[in-house]
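To start, the structure itself, in structure tokens.
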Amino acid sequence: MYRTLMSAKLHRARVTEANLNYVGSVTIDEDLLDAVGMMANEKVQIVNNNNGARLETYIIPGERGSGVVCLNGAAARLVQVGDVVIIVSYAMMSEEEAKTHKPKVAVLNERNEIEEMLGQEPARTIL
């Protein structure tokens, strides 16, 4: 049997742009993608901490070092520039793989710079 587990997370990213007229997706600074192992075209879930909205889309790599987190297309209706979001990717794996899997979590500051890298989420922690 296969299980779907969190693979990577960008925690507390700030929305830098919302572009309604783009085809779709989320544009994310490629340095952030590399740090947690996310890839172009990968399906992600985005949770908006400001309004509770949840959506699924796919990744487009953004300019390195820019800190860009831009929601494109219809998803732009669910965010405002400055909103705090959580971007999560998932992976399917066997139960054996799941037993040793360690997700990569990047905790970001208000400029979308990595403040801390976590190998797992500690229980009952507020970040």
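Just so it is clear, glycine is given a Cβ too, placed from its N, Cα and C backbone atoms.
Under the heading active site, schiff-base intermediate with substrate, Swiss-Prot lists SER25, citing sequence analysis as support. The Cβ of SER25 (active site, schiff-base intermediate with substrate) has 19 other Cβ atoms within 10 Å, all protein chains considered.
The feature pyruvic acid (Ser) is assigned by Swiss-Prot to SER25, with sequence analysis given as support.
The annotation substrate binding site is assigned in Swiss-Prot to THR57, GLY73, ALA74, ALA75. For GLY73 (substrate binding site), the Cβ neighbour count at a 10 Å cut-off comes to 16, with all displayed protein chains included.
Per Swiss-Prot, the feature active site, proton donor maps to TYR58; the stated evidence is sequence analysis. The secondary structure of TYR58 (active site, proton donor), as reduced to three states from DSSP, is extended strand. A sphere of 10 angstroms centred on the C-beta of TYR58 (active site, proton donor) encloses 13 other C-beta atoms.
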Worksheet entry | Nearest of the recorded positions (SER25, GLY73, ALA74, ALA75) to TYR58 (active site, proton donor) - Cα to Cα | SER25
Item to complete: Return the residue, from the listed binding-site residues ALA74, ALA75, with the maximum count of other C-beta atoms within 10 angstroms of its C-beta.
Response: ALA75
